[in-house]
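As given in Swiss-Prot:
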type     : residues      : note
DOMAIN   : 1-98          : domain 'Ig-like V-type'
TOPO_DOM : 1-369         : topological domain 'Extracellular'
DISULFID : CYS14-CYS82   : disulfide bond
CARBOHYD : ASN15         : N-linked glycosylation site
DOMAIN   : 99-176        : domain 'Ig-like C2-type 1'
DISULFID : CYS128-CYS157 : disulfide bond
DOMAIN   : 177-290       : domain 'Ig-like C2-type 2'
CARBOHYD : ASN269        : N-linked glycosylation site
CARBOHYD : ASN298        : N-linked glycosylation site
DISULFID : CYS301-CYS343 : disulfide bond
TRANSMEM : 370-391       : transmembrane segment
LIPID    : CYS392        : S-palmitoyl cysteine
TOPO_DOM : 392-397       : topological domain 'Cytoplasmic'
LIPID    : CYS395        : S-palmitoyl cysteine
Amino acid sequence: VVLGKKGDTVELACNASQKKSTQFHWKNSKQIKILGNQGSFLTKGSSKLSDRADSRKSLWDQGCFSMIIKNLKIEDSETYICEVENKKEEVELLVFGLTANSDTHLLEGQSLTLTLESPPGSSPSVKCRSPRGKNIQGGRTLSVPQLERQDSGTWTCTVSQDQKTVEFKIDIVVLAFQKASSTVYKKEGEQVEFSFPLAFTLEELTGSGELWWQAERASSSKSWITFDLKNKEVSVKRVTQDPKLQMGKKLPLHLTLPQALPQYAGSGNLTLALEAKTEKLHQEVNLVVMRATQFQENLTCEVWGPTSPKLTLSLRLENKKATVSKQAKAVWVLNPEAGMWQCLLSDSGQALLESNIKVVPTWPTPVQPMALIVLGGVAGLLLFTGLGIFFCVRCRH
């Protein structure tokens, strides 16, 4: 038994006992001649394989009279007979085909179905291994639900029949962004860079996209930017005036926000609709903004944007332990000491964002000499007026 792959080439062996050229014939199960020889010439019969069958003439003088069948078809599955030296050798050929149900370019979350084509009467089994090492077994139909971006690559599938095996390689491309979600941490006023790299590469990439943004302070989301993608080049269609984003013209998709401000802190969803695909690619992006301020006798550290309840916000004087540290979005210190203070946002001891602010010492305001002169003059005038009134009243009495 020899197993072959649909569309591939197979070689059926036939050897003579002596290493010399002799007459041979290959026939199918209906005794119809496929090919043979006449001296040193290759002859062909009237079978359906006449245009796809061949033999290695260079090996005839070694007693090797194999038949090569190109572009195999499922219907080529049958028993073939080699007649040489007054003897017959039978070889059973079974041809299998393994194909994806619709397309080998699938969006993340979609299902992959592999269908096995097999000759009548066979009972093969299929075992496939994904690029991330996951094994899937099945019969004539093999289904893989909820594809992940790690499933992109070459799938190796082994078809087994009668203790023989044949291996298939199928390239699957999972259309997705490299990350499902990302968070950018910035101090107030800093420039913000958003990047959306794709987890796949294609020769031609055409589609359109949009970034919707839900600011933490806003009651509803709004579209920040829309764009087109053609031959891996990006062109902006529409962009808001506040904020006015800038977008790179080449892949990977790249957005720049001039300043990180509290009113922009929030979550966004970038969608990318590819040509000939009904569903869209998605990536979530978050922006967390930090502000450290001093007002009168109060030093405050605040963050805006989506943060985990487990994150810790702290304020500490340089080279000292934290004065205040808690799982909150705002902390403050009353009457802070003079020096450089650090506002720190951390996750399990790992710093995510920090901002430094210098607290200047406050001194009592000195009394100016001119103020003393004015106060003295006013006091003298009041005293003089009071004495005058006193003596006038006394004289009248």
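The backbone N, Cα and C atoms fix where each Cβ goes, and this holds for glycine too.
Within the set of glycosylation sites (ASN15, ASN269, ASN298), the lowest number of other Cβ atoms found within 10 Å of a Cβ is recorded at ASN298. Neighbour count (other Cβ atoms within 10 Å of the Cβ, all protein chains): 22 for CYS14 (disulfide bond). A distance of 64 Å separates the Cα atom of CYS128 (disulfide bond) from that of ASN298 (N-linked glycosylation site). For the pair CYS14 (disulfide bond) and CYS343 (disulfide bond), the C-alpha distance works out to 82 angstrom. In sequence order, MET290, ALA292, CYS301, LEU313, SER314, LEU315, VAL331, GLU354, SER355, ASN356, ILE357 constitute the residues six or more apart from CYS343 (disulfide bond) in its chain with CB-CB distances below 8 Å. DSSP assigns CYS14 (disulfide bond) to coil in the three-state reduction, placing it in neither a helix nor a strand. Proximity to ASN15 (N-linked glycosylation site), judged by a C-alpha distance within 10 Å, picks out CYS82 from the recorded positions CYS82, CYS157, ASN269, ASN298. Residue counts for the domain 'Ig-like V-type' (1-98) under DSSP, split into helix (H, G, I), strand (E, B) and coil, are 9 helix, 47 strand, 42 coil. Secondary structure of the domain 'Ig-like C2-type 2' (177-290), assigned with DSSP and counted as helix (H, G, I), strand (E, B) and coil, comes to 3 helix, 67 strand, 44 coil. The Cβ of CYS82 (disulfide bond) lies under 8 Å from the Cβ of LEU12, CYS14, PHE24, HIS25, TRP26, PHE65, MET67, LYS88, GLU89, GLU90, VAL91, each of which sits 6+ residues away along the same chain.
Proximity of CYS157 (disulfide bond) to non-local residues of its own chain (separation of 6 or more, Cβ distance below 8 Å) is seen for LEU98, LEU114, VAL126, LYS127, CYS128, ARG129, LEU142, GLU167, PHE168, LYS169, ILE170, given in sequence order.
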